[in-house]
């Protein structure tokens, strides 16, 4: 070695000397005289690899060299990039500028040896990708409320921003649902009704149906008092009952155009199936990214601390008060993690007597929760029966408030249950001795079940009243025709009332609770009561549950009231501006903030639960409950689903055989087995990917240990040289 090499650093200072490779470093008491292999064997990565030598092939065991993980990874990465230069853009790879330039030179060199046809294909592919990128950039400027949502994210963080993005998604979803129903159901009727096209309605007289089953008296014969308009507008009765807002208006068997006859019952059923399938696919598509993040999330607590400390900051925040709140949120999360660690240690140190005591207490408290849920469901059941039995009284026989109270009694009971039960659940869970994170998840799960199950209880209560007869037989019509001559319309009216009442409650709470509370807290801050009450918090889970509740009502009610998606679209648009004003002027963000990645997946998961609960009553009502004989497009069918076999019977013989074969058990069983095999394959693939992620994390940990070890050795070498 030369003198400068022996000294380790040139005279200009240690910062100018390039970092030496570990192969060139070998230390002992006398300096750099020992062989490099002995030094390499001291690296933590080598020690870890030596413990796993049993997994290495024998031809690699005989080798005395150690292949560094970074070198192997770089080699395979470069090889993969050079092979995929045709299909991938270089900018997508996490490489420095010099490496990207070198790869671009390789790509240009490869282009010279290609034929003109291959060169043209590659250039056209690049141009098409560039065009798609530009188009995607242009569409981002056309997003609804783009600037408002970005401003909210800048002031309050990505957690609250994700709530408003989720609200925008529901607006677009309901708009698309309304367009599907409008194009398939309403548009052919409007074209015929207003003589826009040369078409006519097809009305097929009912066969083997008693005349009594076809009687359909409108609930309100005339509008005598002014408040009758208000009642009809709020309850969907009277003049609204005869409009296209409800199911009973579409008592048409088809629309005859010049060249074909449009089957309206089939279109009505297909529109329902289409919007449910579209909602499912759209929700699953949006939740895939969040699921990927949750799939590879590590359970290591030390990494959780590092992520919160080094990567927990929200760089969208530009407001000082929000930045202070984010600091407190991070402190809260760290305290919650430490509390969870303390509870884990406490659980590990529990005696058998303490374990029996805490599990007995949890069993009792869960019985209390079940009792609260049963009491709420029974109250909704009794309120629905009372309302249905008394809503047929004439309007002039009761005062305005009494009539409105009876009409809205189920909605009022459901709203009270949704307000009271979360408070009870929050009190109960403090005594169950769970970790803070699990407390939040369990409380949200109970509130989700409560909110969405109340709608199902209402629908099933109506279904039991529709199919039950007290003093006479239902065999004549198949349902209680005396109380429900057009039961689909009356179910649609209940969904309509739930939608309107939920909207009124949201506006009333914002205008008459949040704004006065803000004024009192601001101008009467010296009062002890105001200090205890505090400013209203913008709780993301509660607000999300509210709009998911409204969306579930929309999914159920769209079959019975085809224009409910349009009402839901207008409702969510108004809620967006109301919540934005409430957030900016009356609320402060909750200290328990959600990160955007966690929030998006959580919101869509709750929405998917609501969709599944909405499909259950719709399926039962379409497949099992007899359709009304006095209104609607299915008067000639026993159930709504019977239109499908009738349509299949009009197909050619070969197509009928194909459809019957697909729907038979001979096809269903092998198809189910294939689907199970595909599912198991993807589960195994996901497990393999997760193992690879774990290995890469271990490799990163070893790399960090190697760097730390090398820095220590370099420091010791520099100290020895100076001495």
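Each residue, glycine too, has its Cβ placed from N, Cα and C.
Here is what TrEMBL says about this protein:
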type	residues	note
REGION	1-33	region 'Disordered'
REGION	48-67	region 'Disordered'
TRANSMEM	169-191	transmembrane segment
TRANSMEM	266-284	transmembrane segment
TRANSMEM	363-385	transmembrane segment
TRANSMEM	405-430	transmembrane segment
TRANSMEM	442-463	transmembrane segment
DOMAIN	486-597	domain 'TMC'
TRANSMEM	566-587	transmembrane segment
TRANSMEM	599-620	transmembrane segment
TRANSMEM	667-688	transmembrane segment
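Beyond the ends of the transmembrane segment (442-463), by six or more residues, the same chain brings 369, 373, 376-377, 380-381, 384-385, 388, 410, 414, 417-418, 421-422, 425-426, 429, 434, 487, 490-491, 494, 498, 541-542, 545, 548-549, 552-553, 556, 606, 609-610, 613-614, 616-617, 620-621, 625 to within a C-beta distance below 8 angstroms of the stretch. When DSSP labels each residue, the domain 'TMC' (486-597) comes out as 88 helix, 6 strand, 18 coil, counted as helix, strand and coil in that order. Counting only same-chain residues 6+ beyond the ends of the transmembrane segment (266-284), those with a CB under 8 A from a CB of the stretch are 173, 176-177, 180-181, 184-185, 188, 250, 555, 558-559, 562, 565, 604, 607-608, 611, 614-615, 618, 622, 633-634, 640-641, 643-644, 647. Sequence-distant contacts of the transmembrane segment (566-587), counting only residues of its own chain at least 6 positions beyond either end whose CB sits under 8 Å from a CB of the stretch, comprise 145, 148, 152, 155-156, 160, 164, 167-168, 170-171, 174-175, 178, 496, 499, 503, 506-507, 510, 514-515, 517-518, 535-538, 543, 547, 550-551, 553-554. Here the transmembrane segment (405-430) has Cβ contacts under 8 Å with residues 231, 234-235, 237, 365, 368-369, 372-373, 376, 379-380, 383-384, 386-387, 390-391, 398, 439, 442-443, 446-447, 450-451, 454-455, 458, 494, 497-498, 501-502, 505, 542, 549 of the same chain, all six or more residues outside its ends. Confidence over the domain 'TMC' (486-597), given as mean pLDDT on the 0 to 100 scale, stands at 82.
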